[in-house]
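Feature annotations, reproduced from TrEMBL:
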| type | residues | note |
| --- | --- | --- |
| DOMAIN | 1-370 | domain 'Major facilitator superfamily (MFS) profile' |
| TRANSMEM | 56-76 | transmembrane segment |
| TRANSMEM | 82-104 | transmembrane segment |
| TRANSMEM | 116-140 | transmembrane segment |
| TRANSMEM | 146-164 | transmembrane segment |
| TRANSMEM | 190-212 | transmembrane segment |
| TRANSMEM | 224-245 | transmembrane segment |
| TRANSMEM | 257-276 | transmembrane segment |
| TRANSMEM | 282-304 | transmembrane segment |
| TRANSMEM | 316-339 | transmembrane segment |
| TRANSMEM | 345-366 | transmembrane segment |
Amino acid sequence: MVALGYGVISPAMPAFAHTFGVSIKAVTYLVTVFSLSRLCFAPVSGALVQRLGERRIYIGGLLIVALSTIACAYSQAYWQLLTFRAISGIGSTMFYVSALGLMIHISPPDARGRIAGLFTTSFMVGAVGGPAIGGLTAGWGLTAPFIVYGVAMLGVCVVLYYGLRHSELAAPPPPTRSTVTMRQALRFRAYWAALLANFATGWAAFGLRVALVPLFLSDVMGESVGMIGVALAAFAAGNALAVVPAGYLSDRMGRRALLIIGLATSGAATAALGVVSTLPAFMVAAAVSGATTGIFMSPMQAAVADILGNEARAGLPVAAVQMLSDLGAIVGSVTVGWAAEKLSFGWGFGISGVVLVVAAAGWVLAPETRTLIHPEHGLAEPEADGEAA
């Protein structure tokens, strides 16, 4: 539902922001401020989850997202829309840190790739339908997608509250639960490579696709909000088709090779988006870009779970993974917005492709995590495997 909602509002966001008479750069700031608030609040979210447990922070984050999204629909000025997007970012990071920490905690070592694939697929299924629904609801008015998403999320909060109130997740975790510190995680080259890959993912998946793709389709190709939604759904559809098989393969052959292949091919596919000139060609390129992204997303999350292990429960190392993704979205949205305004849209796509290729190079220099990690504890001794950074 969260991914469905993000997809619902994405096609309408640029057009709604333009009603306040702002520039392309100002539109990209809506992505930037959302990611910036996620980035700044991520360490706090990790501490709250450790202290209060996943359930409270999970539901609380969703509630904040729901209310702030509805408030976006009633914005009377650009600064109000910007403020409500920032508040929504706080709720989003509360939700995501608790969800990612829980996924890592419950994943057995021999199935981490598959579980990461299912975790990602649950987002992608929503993301496939979200843009299309957003394009349709935008026909009722540019504020309709915000209201539809917000009301739907309020319903989800009610269902989760009553569905999880007797779960073991309702109890705060014991204070000794998290044993993996940031210093321990940073001793591993693979963790550094994972952070770089998450930065590139945030740049391409949020900074580029959310901030620049809708503008490219509307301003350059002259497409409607409805077709923008279909194009964004093509990204998500390609991604959804690849994440589960990639997760399965990563459990059998390891994470590193899939990460290198996925990041490198995604970089090439992303750069290619800037040179197509027709909508059908863009749709095909978008689906390919989404599929190549799906190749590395499951192994990337599984690699993080390998490094942190089952004992890590939404501590700072988990929050840092999300923080780098948000940092990528911030830097990416500003950079591609500047490139589109000062140079061309093609430069924005090309620069984003280079960032993904650099992340692939990071994994060339990093070791395989699946064979080096002790299943019981997650973190191996760097001295034993020569993996210290």
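Here the Cβ of each residue, glycine as well, is placed from N, Cα and C on the backbone.
Where the transmembrane segment (146-164) meets the stretches 56-76, 82-104, 190-212, the count of C-beta pairs under 8 angstroms peaks at 56-76. Nonlocal intrachain contacts for the transmembrane segment (82-104), taken as residues 6+ away from its ends with a CB within less than 8 angstroms of a stretch CB, comprise 2, 29-30, 33-39, 41-42, 45-46, 48-49, 54, 57-58, 60-66, 68-69, 71-72, 75, 115-116, 119, 169, 301, 304-305, 308-310, 312-315, 318-319, 321-322, 326. Beyond the transmembrane segment (282-304), the same-chain residues lying 6 or more positions past its ends with a Cβ under 8 Å from any Cβ of the stretch are 100, 103-104, 107, 112-117, 119-120, 124, 190-191, 194, 197-198, 201, 204-205, 213, 217, 221, 230-232, 234-244, 246-247, 250-251, 255-256, 258-259, 261-263, 265-266, 268-270, 272-273, 276, 318, 321, 369-370. Mean pLDDT for the domain 'Major facilitator superfamily (MFS) profile' (1-370) in the predicted structure: 79.
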